[in-house]
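Trainee: The following block contains the structure, expressed as structure tokens.
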Amino acid sequence: MPNCTLEDNERVCLVGRNGAGKSTLMKILNRELGLDDGRIIYEQDLVVARLQQDPPRNVEGSVYDFVAEGIAEQAVYLKRYHDISHLVITDPSDKNLQELAKVQEQLDNHGLWQLENRINEVLDQLGLKADTELASLSGGWLRKAALGRALVSAPRVLLLDEPTNHLDIETIDWLEGFLKAFKGTIIFISHDRSFIRNMATRIVDLDRGNLVTYPGNYDQYLVEKEEALRVEELQNAEFDRKLAQEEVWIRQGIKARRTRNEGRVRALKAMRNERSARREVMGSAKMQVEEASRSGKIVFEMEDVNYQVDGKVLVRDFSAQVQRSDKIALIGPNGCGKTTLLKLMLGQLQADSGRIHVGTKLEVAYFDQHRAELDPDKTVMDNLAEGKQEVMVNGKPRHVLGYLQDFLFHPKRAMTPVRALSGGERNRLLLARLFLKPSNLLILDEPTNDLDVETLELLEELIDGYQGTVLLVSHDRQFVDNTVTECWIFEGEGRIGRYVGGYHDARGQQAQSAAPPTGGCEENSGTGSTKSRNCQTNGKQIKL
């Protein structure tokens, strides 16, 4: 691996395919793993913090305690102060008051009040409540807690492994602003192209074991990377041509072998070694979805649907019709009810009121954002085919290993347990399973988490060519822009707005509907939050 230097206040995006070793490199930089060879030189007293790829699981305690552990040496004092402060509220006995005074003195002696303020500031910025139990948080809120834990140590170098995973778009917008104001160096792994474009000051590509740096922005990197691969392909072709000529020479008749040049023979051996050590460019994924026969024209029809949980209204007076081949994105903050609405539509939950009609001949394929379908102790092959050697693809038998190679699983990788896979590889395996099932309704609940950019773009092409209906939950702005024809945006208090086009189209229509119109608006019939308006604006008609 060549030399690579990081400068102050850089925001470096580390890119590469799933399984290339990006997370491993992060662990090495954070001193969690050692090197086999080479060295890393750190500034004296350099503080490094890392946000892990997956949100914490099965962690007990409060959000405050978890975040405070980001400053581990001081956390014990702050935790004690936090606990005794709350105890005094319910039991202001002399004993508890004396203990509180003692802990306050310890905080004074160690100069920890500033750290207490920093923890509370981070909690406020992330919208986290200190006393909330971690066990009650969704994946998105756990992600925020883990981010807070990384931030409280005031690191000079912040390592972020897929920081936008499980975050809603509003929080991603906040995160971009927060990180741009961060005083220090940031190295981050992300496959959210909008986030990379907004954040990166330099791209470092981990390509087949080598680190290659590309100054400039993400779009410039894409151009230079494509050119580098083109040049590499030409150089390899020329090398292979020369090698073939030398192989012909060495296999010539007896006369030629007697007179052959020993230096030329040594050169041929070196060429053979170089060829065998070549870092081959990995092939492209070849996803295809198994489509069932067409569903009925009306897939779902909803009228005045209402649903609430523990007094919190998640869906209020929602009416909509989903027709065959519609591609719809559900967008909103974590916990607003996107997955709940999908379950209502599928009959997995019962609405409090209103009517939901489900169309005929539906064959549903459901992508699970929590990856609950994968057995971590089984191999990739067994998770896909349950011990069988063949799977059916488009009505024809296909060997499991060949099918998995379409999803970039090398045969050796297909034999490994799922627990050894990266997050992106696990998502690719889930997609491989999903697309074996004949369907005319794809429900994709956050399918983009951890996927590399190439796989994302292929998934976009697959959705675009899919003849059935797609319901999509995603916080990836560009992915939504590239795949859907309509957005349902959760706008608070159970209200759901329907907008034509992708994410940025929808946000533009939202802003326009909130502003005084320059032309006349005619309200169409509808109910509750799903009334639409046709507005004449600058000579163009926009459906709101």
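A Cβ is built for glycine as well, from the same backbone N, Cα and C atoms used for every other residue.
Below, the features straight out of TrEMBL:
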{"type": "BINDING", "residues": "GLY16, ARG17, ASN18, GLY19, ALA20, GLY21, LYS22, SER23", "note": "ATP 1 binding site"}
{"type": "BINDING", "residues": "GLY332, PRO333, ASN334, GLY335, CYS336, GLY337, LYS338, THR339", "note": "ATP 2 binding site"}
{"type": "COMPBIAS", "residues": "524-544", "note": "compositional bias 'Polar residues'"}
{"type": "DOMAIN", "residues": "1-233", "note": "domain 'ABC transporter'"}
{"type": "DOMAIN", "residues": "300-518", "note": "domain 'ABC transporter'"}
{"type": "REGION", "residues": "507-544", "note": "region 'Disordered'"}
Trainee: In the three-state scheme derived from DSSP, which category covers GLY332 (ATP 2 binding site)?
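Mentor: Reduced to three states, the DSSP call for GLY332 (ATP 2 binding site) is coil.
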Trainee: Please report how many Å separate the Cα atom of THR339 (ATP 2 binding site) from that of ASN18 (ATP 1 binding site), as a whole number.
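Mentor: Answer for this pair: 27 Å between alpha carbons.
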Trainee: Same chain only, sequence gap of 6 or more: which residues have a CB within under 8 Å of the CB of PRO333 (ATP 2 binding site)?
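Mentor: In sequence order, the residues whose Cβ lies under 8 Å from that of PRO333 (ATP 2 binding site) (at least 6 apart) are ASP168, GLU170, THR171, PHE490.
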Trainee: Write out the long-range same-chain contacts of ALA20 (ATP 1 binding site), meaning residues 6 or more apart in sequence whose Cβ is under 8 Å from its Cβ.
Mentor: LEU206, ASP207, ARG208
Trainee: If one measures from the C-alpha of LYS22 (ATP 1 binding site) to the C-alpha of GLY337 (ATP 2 binding site), what distance in angstrom results, rounded to a whole number?
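Mentor: Roughly 33 Å, rounded to the nearest whole number.
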Trainee: Once the chains shown are all counted, how many other Cβ atoms turn up within 10 Å of the Cβ of GLY332 (ATP 2 binding site)?
Mentor: 21
Trainee: Centre the Cβ atoms of GLY332, PRO333, ASN334, GLY335, CYS336, GLY337, LYS338, THR339, go out 8 Å, and tell me which other residues of that chain have a Cβ in range of the ATP 2 site.
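Mentor: Close Cβ neighbours, site residues excluded: ASP168, LEU314, THR340, PHE490.
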Trainee: Taking only same-chain residues 6+ apart in sequence, whose CB is under 8 Å from that of GLY21 (ATP 1 binding site), what do you get?
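Mentor: GLY21 (ATP 1 binding site) has long-range Cβ partners LEU206, GLY209.
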Trainee: Roughly how many angstrom lie between the C-alpha atoms of GLY16 (ATP 1 binding site) and GLY332 (ATP 2 binding site)?
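Mentor: A Cα-Cα distance of 29 Å.
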Trainee: To the nearest whole angstrom, what is the C-alpha distance linking GLY332 (ATP 2 binding site) and ASN18 (ATP 1 binding site)?
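Mentor: Per the Cα atoms, GLY332 (ATP 2 binding site) and ASN18 (ATP 1 binding site) stand 27 Å apart.
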Trainee: Would you find the one among the binding-site residues GLY16, GLY19, GLY335, GLY337 whose Cβ has the most company, meaning other Cβ atoms within 10 Å?
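Mentor: Neighbour-count leader: GLY337.
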Trainee: Once the DSSP letters are reduced so that anything not helix or strand counts as coil, what is THR339 (ATP 2 binding site)?
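Mentor: SS state of THR339 (ATP 2 binding site) = helix.
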